[in-house]
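> One structure coming up, written as structure tokens, with questions to follow.
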Amino acid sequence: MLKKIEKAYLLLEENVEMLRCPICHGKFQLAAYALKCENNHTYNLNKKGYVNFLQTKADTEHYTRKMFEPRRRLIQAGMYQNLLTEIQKSFVSGNLLDVGTGEGSFLELLEGAGAKFAFDIAKDGIEMATELDTKSFLSLADLTNLPFADESLSVILNIFTPSNYAEFHRVLTENGRVIKIIPDRNYLRELREVYQLPVDYDNQAVIERFKEEFPKNTQQTIDYTFEIPENLRQDFLLMSPLEWSVSEERKKFAKENPPKTARIHVQILIGIK
């Protein structure tokens, strides 16, 4: 069986021309287990099978295994399966990038027609993603300075994560598409209620900005309720950043009264370059 670093090397060997140096924007060559650009900026492929392109420190404080592990268990239990089925229908042939992949569970459940790439700023997330069979090249990278060549990607997945539209336009091929998933008003309503957080969420400004960036677009509402298995109800309380701002007293109440359902109410925005 191939080691993680060997799997990543084979993916790079086939797709090194898809990448560019985040410092000088030059082309990379693959030298042993490292990417080296024409100006000798070098990025090593580590033994866990990913590359760190960040010029600043990776996030090791906020998005950690404490949140990613419960999230993974719920995704693998099918919490987002109806949504993923609709996303899959929107794929086109060509190379795919998952922006802010987290721990990689969404990407593992989606089939791409070309090479797959994924990045995040969270070290725990990317290291967990290497544990899955995502068949993708994984990296720590900066959304504002993507380590990908111009017009190298056909599909950008943007699931519950920030966007950088200038970079998206740069790396997308002609007629390439961004598939952006954003929460709608009732998304995870049960979690907000048990934590006594504001329930209503207004996404109109995000939608309007997306449509300005991609005049050629479609929009689809997904709305269903997932029955949370009893053994995963405590995980539901921990799977989101919503938990970060909640008092210890309220967390105790939620732990004793965990929601039994999860409302998945989102918008799928697809923009064509």
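Heads up, the Cβ atoms here are built off N, Cα and C, so glycines get one too.
All TrEMBL annotations are machine predictions without curation.
For reference, TrEMBL lists these features for the protein:
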- 20-54: domain '23S rRNA (guanine(745)-N(1))-methyltransferase N-terminal' (DOMAIN)
- Cys21, Cys24, Cys37, His41: Zn(2+) binding site (BINDING)
- Tyr80, Glu103, Gly104, Tyr187: S-adenosyl-L-methionine binding site (BINDING)
- 97-180: domain 'Methyltransferase type 11' (DOMAIN)
> Need the DSSP three-state call for Cys37 (Zn(2+) binding site) to compare against my parser.
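For Cys37 (Zn(2+) binding site) - judged by DSSP and reduced to three states - the answer is strand.
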> Could you measure between Tyr187 (S-adenosyl-L-methionine binding site) and Cys21 (Zn(2+) binding site) for me? Cα positions, answer in whole angstrom.
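The Cα atom of Tyr187 (S-adenosyl-L-methionine binding site) is 38 Å away from the Cα atom of Cys21 (Zn(2+) binding site).
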> Could you work out which of the binding-site residues (Tyr80, Tyr187) has its C-beta surrounded by the smallest number of other C-beta atoms within 10 A?
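Least crowded of the binding-site residues Tyr80, Tyr187, by Cβ count within 10 Å, is Tyr187.
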> Taking the center of the Cβ atoms of Cys21, Cys24, Cys37, His41 at the recorded Zn(2+) site, which other residues in this chain have a Cβ no more than 8 Å from that point?
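Other same-chain residues with Cβ inside the cutoff are Arg20, Pro22, Ile23, His25, Gly26, Phe28, Glu38, Asn39, Asn40.
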> I'm trying to understand the geometry here, so how far is the Cα atom of Cys37 (Zn(2+) binding site) from the Cα atom of Gly104 (S-adenosyl-L-methionine binding site), in Å to the nearest whole number?
28
> How many other Cβ atoms are found within 10 Å of the Cβ atom of Cys37 (Zn(2+) binding site), counting all protein chains shown?
19
> Using C-alpha positions only, work out which of the binding-site residues Cys21, Cys24, His41 is nearest to Tyr80 (S-adenosyl-L-methionine binding site).
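With Cα distances computed to Tyr80 (S-adenosyl-L-methionine binding site), the winner among Cys21, Cys24, His41 is Cys21.
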> Between the Cα atoms of Cys24 (Zn(2+) binding site) and Glu103 (S-adenosyl-L-methionine binding site), what distance do you get, rounded to the nearest Å?
29
> Taking Tyr80, Glu103, Gly104, Tyr187 as the record's S-adenosyl-L-methionine-binding set, what's the max Cα pairwise distance in Å, rounded to a whole number?
21
> C-alpha of His41 (Zn(2+) binding site) to C-alpha of Gly104 (S-adenosyl-L-methionine binding site): distance in Å?
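Each residue's Cα considered, His41 (Zn(2+) binding site) and Gly104 (S-adenosyl-L-methionine binding site) end up 28 Å apart.
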> Going by DSSP, is Cys24 (Zn(2+) binding site) sitting in a helix, a strand, or coil?
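Reduced to three states, the DSSP call for Cys24 (Zn(2+) binding site) is coil.
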> Which one is it: of the binding-site residues Cys21, Cys24, which Cβ has the fewest other Cβ atoms within 10 Å in this structure?
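Sparsest of the binding-site residues Cys21, Cys24 by Cβ contacts within 10 Å: Cys24.
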> In angstrom units, rounded to an integer, how far apart are the Cα atoms of Glu103 (S-adenosyl-L-methionine binding site) and Cys21 (Zn(2+) binding site)?
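Distance (Cα to Cα, whole Å): 24 Å.
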> Hey, how far is Gly104 (S-adenosyl-L-methionine binding site) from Cys21 (Zn(2+) binding site), Cα to Cα, in Å?
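About 24 Å separate the Cα atoms of these two residues.
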